[in-house]
Number of protein chains: 4
Amino acid sequence: MAEPLIIVNLKAYAEGMGEGAGIIAAAAEEIGEESGVAIGVAPAYTDLHPIAMHYAVPVYAQHIDGVAPGAYTGHVTAEQVRAAGAFGTLINHSERRLTLAAIEASCAAARKSDLQTVICTNNAATTAAAAALSPDYVAIEPPELIGSGISVSKADPGIIERSVLAVKNVNPGVRVLTGAGISTGECVRIALELGTDGVLLASGVVKAKDPAAVLRDLVSLI
Amino acid sequence: MAEPLIIVNLKAYAEGMGEGAGIIAAAAEEIGEESGVAIGVAPAYTDLHPIAMHYAVPVYAQHIDGVAPGAYTGHVTAEQVRAAGAFGTLINHSERRLTLAAIEASCAAARKSDLQTVICTNNAATTAAAAALSPDYVAIEPPELIGSGISVSKADPGIIERSVLAVKNVNPGVRVLTGAGISTGECVRIALELGTDGVLLASGVVKAKDPAAVLRDLVSLI
Amino acid sequence: MAEPLIIVNLKAYAEGMGEGAGIIAAAAEEIGEESGVAIGVAPAYTDLHPIAMHYAVPVYAQHIDGVAPGAYTGHVTAEQVRAAGAFGTLINHSERRLTLAAIEASCAAARKSDLQTVICTNNAATTAAAAALSPDYVAIEPPELIGSGISVSKADPGIIERSVLAVKNVNPGVRVLTGAGISTGECVRIALELGTDGVLLASGVVKAKDPAAVLRDLVSLI
Amino acid sequence: MAEPLIIVNLKAYAEGMGEGAGIIAAAAEEIGEESGVAIGVAPAYTDLHPIAMHYAVPVYAQHIDGVAPGAYTGHVTAEQVRAAGAFGTLINHSERRLTLAAIEASCAAARKSDLQTVICTNNAATTAAAAALSPDYVAIEPPELIGSGISVSKADPGIIERSVLAVKNVNPGVRVLTGAGISTGECVRIALELGTDGVLLASGVVKAKDPAAVLRDLVSLI
């Protein structure tokens, strides 16, 4: 197994913007150093540059469009987020779905700009499909767990296990993240036991009064 | 190899609507019987029922939405096209791209309604991804060949070969169609030689003065 | 005021498909003749032709794409639905939203095929914008009422009144439908009192055990 | 007439990113001061903050999503671009089309964050519709002129005149920009003579060897 990875998705939350993004990135840096666990953050596009410049954490874009530089008003290119200091990018998050052709184009564009790729998926079948595109990670977000507050440990863990197995069959070099149902260190422990290489989470950290405390709990049983 | 399959996509062509759809379906029936090659047609939704009722050919929808019956105004469900007499459906055609999650949902919905599934893709990587979803067929439409009039035999055949190989690696039970660059029997012969199980084509038949003559040529070297 | 119009949207409901569509269309025909009120139905694309052929009711498509006949796989053209017998079409229903450019193109295409146009909108501002496109009708669907079971009479009627006023200011020839919150004759009476020219409704009729009884109630206070 | 406005859309051009964005913004600042004409720039999201901080020019986002802060991964909110220093935003550019409901929501969100709004449209009818939403500006981009190199002066000027007239009829307080076909001072002069209040352009400035020289020419006949 690879070293565990935690990615905190700041979404478009008010609490994760501007100064708030800085507080969370500082917490990620602190707990990352304390624990030795890689903790990345995915801020708004407009916060990519300040966060990447000021904090020693891997910074992810929340989305990129798989287009080359050119006449694409309002699009986000791999070159833009790379120039802003991004280390990687989410692709096809459940709140920003893409066509299959666009997912593949985004992966290819990210690779060309040396961005780590994390494709989000919703079940074992789409996880297998995403793995066939050879991203660095696939993050499974079971729809019934997204933003539900239900722990992946309480829900049917089968979807995670089947997804891990599907990736092994299709493209064993691809790593897997548990992308929903994570709020405590116990959830992270279970996510790793189910065979995934880390977690992608959002509100549990972003909306916390003390993000550092939540992150410290998240890494506590790794 | 499976028996070769030819699917004629009538798109929204004026020549392939209403009476025109009937002429093409009649030609498909005639040449199919003559040659023993399965020749299907994919008409407009509004023509599905009359074509399925009057002609002994496999009829395909051009698209379905992967939703269950319900509050989906303007959507096309597997149940609707099945009830209209469809035998199968195209999914994710280059002119009707879907998100990865929607492709998977459409496949699942089609399967539940006993519809054959043909997922369209644009390169070897997306073909591999589509194969992971276990459709009956993947149809590769290299973008540079779509509607170009360039024969697949004149173009770089590598994309077809790599796609066939990718499917074999990911899910060998899935069959493959060459989805662009087909206008003559020679193109069909090459498509089969490259390891695909048939072809998906459109304007070459739909806009022909004599669709039966074109279809007779298409099957002539099988 | 124009003669009141009632449009029953069958959506993709299982109860409104095939035989079910016929039962509802028969009820619309019966109650329409009884009452003198125009009652239209908007079935699935695949049911447009049989419904238009067998029942003396105005038949509407649930959506059209504003494209000319051509290479538009999986699209629905004005020509197709017109050839199938449609009298008009919904455009931009809340479950099938379109870009502004596509709404305009759909209106233009519908007009060219002599289809009555009903653009759906979500508030007074978008109603004003839709009216500027000169459709026959705009149908306001306040999001808080859609499928809620809440009667337009119980909800804030201001959104309907402001929409009617906005249409009068921008393009007074455009008629207005109340597009949500309708389940009884009392709702219809209020919709007309608020200045709209009729109603667009769905589940209240489609999912009824006795659609004719519901329709008879709907027209009872006109 | 309002003071003329020139907006330079940097799109996702390689030449308009990072350092390139700075060169163009510096030129806009210089020529704006020289001429007294307001010259704004619309850079990539990732460049909004540095450009707004370092140059005394009105900075526009190329697009915003009309959503409130929240769980909207990969979206761009009015709050984000305002916090980054934006003065306004393009909405519904031809390369980033939105549904009518989303255009209205984006306008409302922009207004709430005190952002100037520029809705892009493609013909007189959609311009009238956009004007009904009460943005600050509508920018008409006739599709046949976009990126064509054809001057608005050589093309049929009727579309611009009909658009200006449509806005006057629907909502006379809304100002209008000519959004395509602009490359020289002569084009700008004609755009103003046709009754518009300025221009929106892109490649003519962004891809120029000497953006300041092009801008100086653009304002020369105002």
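Along the chain as shown, the residues are counted starting at 1.
Every residue, even glycine, has its Cβ placed from backbone N, Cα and C.
The substrate binding site annotation in TrEMBL covers A:Asn9, A:Leu10, A:Lys11, A:Ile146, A:Gly181, A:Ala202, A:Ser203. According to its DSSP assignment, A:Asn9 (substrate binding site) is in a strand.
When secondary structure is read from DSSP and collapsed to three states, A:His93 (active site, electrophile) falls in the coil class. Around A:His93 (active site, electrophile), taking its Cβ as the centre, 24 other Cβ atoms fall within 10 Å, counting all chains. The active site, electrophile annotation in TrEMBL covers A:His93.
Per TrEMBL, the feature active site, proton acceptor maps to A:Glu141. Within 10 Å of the Cβ of A:Glu141 (active site, proton acceptor) there are 24 other Cβ atoms, across all protein chains.
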Counting only residues 6+ apart in the same chain, whose Cβ is under 8 Å from the Cβ of A:Ser203 (substrate binding site)?
A:Lys11, A:Tyr13, A:Gly147
Counting only residues 6+ away in sequence within the same chain, which have a CB under 8 Å from the CB of A:Ala202 (substrate binding site)?
A:Val8, A:Asn9, A:Leu10, A:Lys11, A:Tyr13, A:Gly147
Cβ neighbours within 10 Å, counted over all protein chains: which one of the binding-site residues A:Leu10, A:Ile146 has the most?
A:Leu10
If H, G and I count as helix, E and B as strand, and all else as coil, what does DSSP give for A:Ser203 (substrate binding site)?
helix
Once the chains shown are all counted, how many other Cβ atoms turn up within 10 Å of the Cβ of A:Asn9 (substrate binding site)?
28
Could you measure the widest C-alpha to C-alpha distance across A:Asn9, A:Leu10, A:Lys11, A:Ile146, A:Gly181, A:Ala202, A:Ser203, the residues recorded as binding substrate, and give it to a whole number of angstrom?
16
Would you mind checking how many other C-beta atoms are within 10 angstroms of the C-beta on A:Lys11 (substrate binding site)?
27
